[in-house]
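S.K.: A single structure is presented below for examination.
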Amino acid sequence: MGPSQPASTCVHLAPSLQLDAMSDPRNLQPQNQLQFNRNVPTNPRNLAVRYSCPHGIKIEKLKHSYNELNHGKDLDFKAGNELSSSVSFSVISEERLSYAVHLAKRDVKRRQFEEHVKDHLRSLPHSSHKGMHTKVERKDSKSQDVCHCSHQPSRVSLSSSGAKVYVYTSQPGRSDLTVPNSPPTHDPGLQLQPRIEENKNLWEQKGLLEVQRLQKELSGCIRKIEALTKKDRLEEALDPDEEHRIRVRRQEQAVRCARMLYVLQQQVKEIQEELDKLSPQKIKHTKKSWAVSRLAAAHRAAIRALQVFVTQFTDRGEHPVPARCRELGSLIRQLSLCSAKLDADPSVPDVVIDILQQIEALESLLEKKLSPKKAKKCFTEIRSRFPVGSQKILERWPTVLPKSERRHLVTKETFPQETSRPPVAKRLLAAMCQPDGELQRLESEPDVLDAHLLPEEAPRIEDNGTDFKDGTLTPAKPQAVRRKALTGSMPIRKKDTVESARPQQGLHIAERNRPNQPYSKSRLQQTTVSSRLKMNRQPMKDHRAPWIPPNPTSPPASPKCAAWMKVKYSPRDAAKEQSLQQEDIHKESQLRGDAEQEAARLSWPDAESSKRLKELEELEAKEMERKQKQRLNWLEAETSRRTKELDELKAEEMDRLQKLSVSATQLADKVEEAVLERLKPLLIKAQRVNSSVEANSHLKDRPSRHAAAAAQPAEQASDVPFESRNIPQLRDCLEDTAHELWARTQDKILGSETSARLGDSKDSPDLETMMLRMEEMEKYQETVRQRYNKIVYADPHLWMHEERNDQNTPAVSEGPLASHPIKITKTATQKCPAVNILLERPCNANSLDESVTTEEGSEKREAPLPLSREDLHQRKGQTPLSVPPRMRHSIGAYCSRFEQFLRIIAHEAIGSFNPWLIAESFSDELVDEALGAVAAELQDVCEDYAEAVFTSEFLEAAA
């Protein structure tokens, strides 16, 4: 808490001006002017800073001295246009203010609750006997005293400064708080009994309201289902998205409903366990109130579950959930039996019977919902057999009516249809309609039941756990138990017995006027077995005086006492008592049989539902086993089929590899034969040239200058054709030899590899197939890369033509082909086609020149070779674009700069730039230079050889 800061100056508003001061302009003041009071005394309490805990709300005011107060009064009396002292304000912290608001709200709620209790107690009817009148008057007076004590009008006091202060005075010995639910630690006395009885009545009325709400909800549910069965629902065709949403919503509703049913089942189980622990004779007030509140909460949960079920039923139409409906019906039935067992209110058994009948009607209606033609007929039969709560009963559920009015309503609405009711329902209703006169007769004659009860039933009274559940099936008036307990502890007054005999006489007169119901008349004269078993009675006492041996010194008994004892215990009374006992035994056996029959009838749906659930579980387990077997069989068949397919593929692959190996060896042999055939004439030529060179080498030293000068013109004439004849022959011979040797070595390498693969494939065929597949994948990847690197101008007509060609010629790889986008890029440069040079053996010496000329002519003719089909298709599919020269120049400059940049930094192929291709071109150039050097040397050798041949021939001719 912060420090409380008192105000050092006081402010007030001048609301109006005085009429007499209007003439003086100096005294004129504007309206609503702020005026500051500087005459506040310098009291240390006004200026000190104090710290305090928020124990209570304190209204602190500024204090004035006595003289200043009197002086202010004189000023107020003399001058009316000025205020001598302003209104004093106090400083209150926010925490204190919020706490005060909280307390005020609590007081308002308490006052509203007590007013509601007063109105409820005033609306309750007065009972017929005087005891109830006195009790109600005592309750009203007590409630009025409590309200008067707790809500006295606050006394308003005016301070000297004019501030209004509300002072609340509390009376000692009075408390606004209600009596707690915990048991007292000492004897509270008789003054707290009316408040406890009032709380009991409130809890009982609360439980009755919840039961009646459940009854009303059940009747509404039956009406809605009946309306749905009467009208035909047409299913509309929905979109797939809408159907999916509906399916998801239904799944969520099913999960929510299952969760609610599980929670309700746990609540019912806990309530049943607690009620089994509680003894029917000695139920404490706190435990009973706790049980009533738990029952009310369970009833509210059942109402919510019933509303969810009705919503699902109206949404799904012809697809109800019968298992959940049966489970909910059994839970509501158990709740109703628990409320009847607790005996919270006398009218609870009537409502419980109605709820049980409504549950039976609902279950039978839902069972016959699948056959719409029989539904209407079935529901009319159900309504005739079990009258569901009618409109009058539903209209009166929020208000609590007296027992006499409730009895008249029940007799009006249910007894005309007794002809169609089952006999057990008749007996239960007859037991419910027992009047108060019978209870008063039991009050006035507490020993009648003790006399009617047989000695054999005494051990059953002590062991209540066995017959307590059966007693709930035939509920009786719970006030008989309480009144019996009260009369057993208090002496019976004569006045009360006389007053209780009067309604009993009226009851007998009313029963004489109804001769058509002899069974109910006999039933009304006796109590039920459950009520007698619930009564807390002492063991049977013999009212006769115990036998005392006569004392010779004692005086003899008086004749009056002897005659009284003889008259009281006459044989006629003994016979009458024996006949009454026999009649009680007969009725008890009959009632026990009826109770067992009713218990069997009520437990039949639970047994039937459990039986059906077991059957459903067995069917589900069988279905799961069947599905599992089918799945395993399918898996076995699939695995066997796939293994067969793999074996077939393996065999096919082995056959293909064998064929490939055979074809490879055959191809290698053919290539070797062809190479040998081509090499034989070349070797013969080489040998001839070599022999001629060796034969004419010794003639190089012999030629003379004369011979050389004479032979010079002839040499010039014959040198050119000889040179031109020998050099191309040697060059072609060397090239052919190199190519054939390379092809032969490659074939040998391939043959060795295939043989090694075939040898390995026998051991590991899977590895061989994997390697072949990887090679195919690499080839396909290379084709894809070439396709993407290939830059063409394409159009849809070309695509259609290519698709037709692809359909006509099946591809080797069945992989997916890329799409054909429109590309505007640069085409790759085409290499010049290789020129085939054919060497033929000359027929004579002069034919070499002709062959040379023919070869040159053939080269000229073969230079413009026709393009392939692919090039023709590309040219047909190309689209020419007109590009300005400046733009073309800028594009070329950019490409050159980019290639120069790539030459500096790049080591991989990017676009059209390929460093390895450049390296290969460099290597080709180097090889060409080397070949040129070799050719030059060979040409020199040939020149020397020609010179030697010329000299030899010239010398021979000269000689």
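Cβ coordinates come from backbone N, Cα and C, glycine included.
So Swiss-Prot lists the following for this protein:
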COILED    582-674  coiled coil
COMPBIAS  134-145  compositional bias 'Basic and acidic residues'
COMPBIAS  456-470  compositional bias 'Basic and acidic residues'
COMPBIAS  515-533  compositional bias 'Polar residues'
COMPBIAS  547-558  compositional bias 'Pro residues'
COMPBIAS  583-599  compositional bias 'Basic and acidic residues'
COMPBIAS  707-717  compositional bias 'Low complexity'
COMPBIAS  857-874  compositional bias 'Basic and acidic residues'
MOD_RES   Ser279  phosphoserine
MOD_RES   Ser691  phosphoserine
REGION    124-156  region 'Disordered'
REGION    456-560  region 'Disordered'
REGION    572-610  region 'Disordered'
REGION    692-721  region 'Disordered'
REGION    848-883  region 'Disordered'
REGION    877-959  region 'Necessary and sufficient for CEP20-binding'
S.K.: What kind of secondary structure is Ser691 (phosphoserine) part of, going by DSSP in three states?
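M.R.: The three-state answer is helix.
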S.K.: Could you give the mean pLDDT over the region 'Necessary and sufficient for CEP20-binding' (877-959), rounded to a whole number?
M.R.: 82
S.K.: Helix, strand, coil residue numbers for the region 'Disordered' (572-610) per DSSP?
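M.R.: Summed by class, the stretch gives 39 helix, 0 strand, 0 coil.
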S.K.: What is the total of other Cβ atoms whose distance to the Cβ of Ser691 (phosphoserine) is within 10 Å?
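M.R.: A 10 Å sphere around the Cβ of Ser691 (phosphoserine) contains 10 other Cβ atoms.
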